[in-house]
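S.K.: Annotation source TrEMBL lists domain 'MARVEL' at 12-144, 149-285. Among the features that TrEMBL reports, transmembrane segment is placed at 12-33, 45-69, 81-104, 116-134, 155-174, 180-207, 219-239, 259-279.
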Amino acid sequence: RTMPVASANLRALTSWVGIARLSAVVLSCLAFSLVASTGRFGGPYGTWCMFSWCFCFAVTLLVLLLELLELYPLLPLSWDDFTAAFSMLAALMVFTSSVVYPATFIHSPCSGSPCARQAVATAASCLCFLAYAVEVSLTRARPGDISSFLSTVPGLLKVFEVYVACLIFSLLDAYSGEPGLMWCVAVYSLCFIFTLLIIIFTVGRCLTYIPCPLEKMLVGYNFVAMLMYLTATILWPLYSFQGQSRPNPCSPSCPWNKHLGITFLTIFNLIAYLVDLVYSTRMVFFRAP
């Protein structure tokens, strides 16, 4: 019996998707290396940015290696769904880092070698976001192609909705004692849990075991989630800013600014669930023959 010989799939590196992934690996490595050399990444925001660059670098490099050696079919998951979901998540994480890092750590006046390295790291992070955005565009399912759910518009929106919910959780502060705010937190939590389960079950190929019409169930869930976020969009600012004016001074971490950020993120997720509902309804009930 002969041992199987490992083969190399060079298209994993030479295709447009492969080039986008290679670019993301190089640029994310450049970003976290330059920031690490300055030593200016303390605190929760700096830690998040460093984690984002390192995490995206490591997972993208792993994806490239698995596709180069053609080992991904051995994994018990839907590879196309996994790579589509990860590229969308990486684009969102790197975009957030590209905004948060310069806003937090680059101050005027800015001069000297550390400042130059921070500026180059920010530019590399922005280019890295563009690389992941190109990958999302290249791997997105075309109209009529639903072989990979997470590469469709509703699937990509699921990743966006989960990520925005995580940002909301990071900004949550004092909300106990107010029934309206507690309802909003319940909305964020329930929608986050169910949407995350949909992503996990899709990647793990477990959706086929659900004994009900799955596509129609997803449409119903999107409708309910949209209604829940609609109530949160009304109640969160109503209870958060009732009888309160913006304090002066108000740092980026003050509760008023956090509540304002949650308000905008809630609106973003409401729009995402609305678009998700429209696309899902078209895919299920208005399919072309």
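Just so it is clear, glycine is given a Cβ too, placed from its N, Cα and C backbone atoms.
A TrEMBL annotation is a machine prediction, not a hand-curated record.
For each feature listed, report its degree of burial, its nearest neighbours and the pertinent distances within the displayed model.
M.R.: Note on the transmembrane segment (12-33): residues 50, 53-54, 56-57, 60-61, 63-64, 67-68, 90, 94, 97, 120-122, 124-125, 127-128, 131-132, 134-135, 138-139 of its chain, located 6 or more positions outside it, place their CB under 8 angstroms from a CB of the stretch.
Beyond its flanks by at least six residues, the transmembrane segment (45-69) meets 6-10, 12-13, 18, 21-22, 24-25, 28-29, 31-32, 35-36, 75, 83, 86, 90, 93-94, 96-97, 100-101, 104-105, 125, 128, 132 of its own chain at Cβ-Cβ distances under 8 Å.
Note on the transmembrane segment (155-174): residues 81, 84-85, 88-89, 92-93, 96, 136, 140-141, 148-149, 185, 188, 191-192, 195-196, 198-199, 202, 255, 258-259, 261-262, 265-266, 268-269, 272-273, 275-276, 279 of its chain, located 6 or more positions outside it, place their CB under 8 angstroms from a CB of the stretch.
If one looks beyond the transmembrane segment (180-207) by at least 6 residues along the same chain, the residues whose Cβ comes under 8 Å of a Cβ in the stretch are 76-78, 81-82, 85, 149-150, 155, 158-159, 161-162, 165-166, 168-169, 172, 214, 218, 221, 225, 228-229, 231-232, 235-236, 238-240, 266, 269, 273.
If one looks beyond the transmembrane segment (219-239) by at least 6 residues along the same chain, the residues whose Cβ comes under 8 Å of a Cβ in the stretch are 154, 178, 180-181, 183-184, 187-188, 190-191, 194-195, 198, 259, 262-263, 266-267, 269-270, 273-274, 276-277, 280-281, 284-285.
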S.K.: Excluding the flanking five residues on each side, which residues at least 6 beyond the ends of the transmembrane segment (81-104) place their CB within less than 8 Å of a CB in that stretch?
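M.R.: That would be 24, 28, 31, 35, 41, 43, 45-46, 48-49, 52-53, 55-56, 59-60, 63, 118-119, 121-122, 125-126, 128-129, 132-133, 135-136, 139-140, 148-151, 155-156, 158-160, 163, 167, 199, 202-203, 252.
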S.K.: Please report, as numbers and ranges, the same-chain residues at least 6 past the borders of the transmembrane segment (116-134) whose CB is under 8 Å from any CB of it.
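M.R.: Same-chain contacts beyond the ends: 16, 20-21, 23-24, 27-28, 30-32, 34-35, 37-38, 40, 49, 53, 56, 87, 90-91, 94-95, 97-98, 101-102, 105-106, 110.
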S.K.: With DSSP as the reference, give the number of residues of the domain 'MARVEL' (12-144) in helix, strand and coil.
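M.R.: Secondary-structure composition of the domain 'MARVEL' (12-144): 109 helix, 0 strand, 24 coil.
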